[in-house]
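Participant: Below are the features listed in TrEMBL for this protein:
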type     : residues                                                               : note
DOMAIN   : 162-429                                                                : domain 'SAM-dependent MTase RsmB/NOP-type'
BINDING  : CYS250, SER251, ALA252, PRO253, GLY254, GLY255, LYS256, ASP272, ASP316 : S-adenosyl-L-methionine binding site
ACT_SITE : CYS369                                                                 : active site, nucleophile
Amino acid sequence: MQVAQLIAAHAVAEVLAGHNLTVSMPKALRKVKSATPQQQAAAQDYSYLTLRFYAESAAYLAALTPKPVSDTRVEALLLVALSQLLHGQDDDFTVVNQAVDAAGTTGQRWAKGLVNAVLRNFLRQREALKADVTQSEEVIWNYPQWWIELLKQQYPEDWQAMLAVGNAHPPMTLRVNVRKTSVEAYLQGLQEAGIAVTHLGSAAIQLHQPLPVHKLPGFDQGWVSVQDAGAQWAAPLLDVAPGMRVLDACSAPGGKTCHVLESCDVDLISLDVEAERLKRVNENLQRLDLKASVITGNAAAADWFDGQPFDRILADVPCSASGIVRRHVDMKWLRRPQDLATFAHTQQQILSNLWQMLAKGGKLLYVTCSVFQQENEMQIQQFLTSHDDATRLPVQFDAAILPCEHATPGQLLPVATHDGLFYALLQKH
Ligand SMILES: C[S@@+](CC[C@H](N)C(=O)[O-])C[C@H]1O[C@@H](n2cnc3c(N)ncnc32)[C@H](O)[C@@H]1O
């Protein structure tokens, strides 16, 4: 899998230079056109592994090299191999040999010798180095220190569990499209296909092992979608009724838009600022046999609005994604503490603008996939102080319907069965 290590190194180097993995990975795959699907999948796994345990691998690398590695791709290759040696499944000597071969293709003549020396020294000195390397919290938890401090301050009881769950593999959860089939019939189909699952409640079914979607019974026919169980709270909390005029203001790729439409016949506008991402909304609507008006527009502006107030508005606003870091492992290293104020400002602008489009008596559901209170509770408190026509309604997570462990008012903390999300329901009077 030297090819896989090389692709992962390309992707990791890009992330460390400040680019998202969702952009970096396809770019890295394009660089090595000869990669087989198996090598591409392994490259994806290696890049996730490396970014999940980046602080630890980087600390070992610093301890093993007297000065920083001058070539960023060779440095990334070493980080990939060290992560595999620390946390991967492959045999140590295979990892080292493949990394040395991969180094030979980087065009740096010194790279093979360096990679060989660093990795073999690691295998020899691993135990001796461990005590020095694993001193800091950054290395113990594999998060930046500011992130650890913020969670400690905001969640004194739960911060360790939250950090640990963010480093675990995310679950793959399905949502049955109850317009096309029943949950019972779909569970039966999964059993017949030999796919082991747990029915979490309502339309949410968790796979014991992730699968490519096309291997799921009826996926192409729209019987089922992939959606985290925590995200499946949005549609019921929005409390829609037939015929209502509904806006999903930040809708792409359309998970919540489709869930709302599966649950009720409403007149729904699916808005997003990114036209490219809206293509996914259209694909999902088509696959699931659902209808919405899909519009490109800015939720913080009104140039797309026809002046008819909405009965319900879903504002699943852009955020730090700190509640879904196990799915976006690059975010731990790309986010900066000052980003929270920027997100909070954008969220406030979107919220205030959408509020004007809500009918009297209407409800707005504010959602983030963040655990940071600047984007959540503090945001809503600030909104309520400046909008005296707003009442906050209780958000009732009923564990008998869907899992909601560790829920503080509106805040689902990330746990094994669901992501970390925040919900606030506001009514206009
Ligand atoms: C958390 S994602 C939404 C996920 C979606 N609700 C779902 O369930 O599939 C946030 C979305 O907000 C969009 N967005 C960011 N800023 C926006 C703005 N000013 N107006 C509208 N959409 C925006 C992003 O393009 C992104 O698709």
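The backbone N, Cα and C atoms fix where each Cβ goes, glycine too.
The structure displayed is predicted, hence computed values, not measured ones.
For the listed features, I'd like the structural context: burial, neighbours, distances.
Facilitator: For the domain 'SAM-dependent MTase RsmB/NOP-type' (162-429), the model gives a mean pLDDT of 97.
Its own atom aside, the Cβ of CYS250 (S-adenosyl-L-methionine binding site) has 23 Cβ atoms within 10 angstroms in the protein chains shown. Taken residue by residue with DSSP, CYS250 (S-adenosyl-L-methionine binding site) is part of neither helix nor strand, so it is coil.
Non-local neighbourhood of CYS369 (active site, nucleophile): ALA231, CYS319, ALA321, SER322, GLY323, ILE324, ASP419, GLY420, LEU421, each in the same chain, at least six residues away, with C-beta under 8 Å from its C-beta.
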Participant: CB neighbours of GLY254 (S-adenosyl-L-methionine binding site) within 10 A?
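Facilitator: GLY254 (S-adenosyl-L-methionine binding site) is surrounded by 26 other Cβ atoms within 10 Å.
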Participant: Would you list, in sequence order, the residues of this chain other than CYS250, SER251, ALA252, PRO253, GLY254, GLY255, LYS256, ASP272, ASP316 that have their CB within 8 A of the centroid of the site's CB atoms, where the site is the one recorded for S-adenosyl-L-methionine?
Facilitator: ASP248, THR257, SER270, ARG277, VAL281
Participant: Excluding near sequence neighbours, so keeping only residues 6 or more apart in the same chain, what lies with its CB under 8 A of LYS256 (S-adenosyl-L-methionine binding site)?
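Facilitator: Set apart from LYS256 (S-adenosyl-L-methionine binding site) by at least 6 residues yet with Cβ under 8 Å, we have ALA231, ALA234, ALA235, ASP248, LEU314, ASP316, VAL367.
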Participant: Under a criterion of Cβ-Cβ distance under 8 Å and sequence separation of at least 6, what residues of the same chain contact ALA252 (S-adenosyl-L-methionine binding site)?
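Facilitator: Counting only residues 6 or more apart in sequence, the Cβ neighbours of ALA252 (S-adenosyl-L-methionine binding site) under 8 Å are ASP272, GLU274, ARG277, LEU278, ARG280, VAL281.
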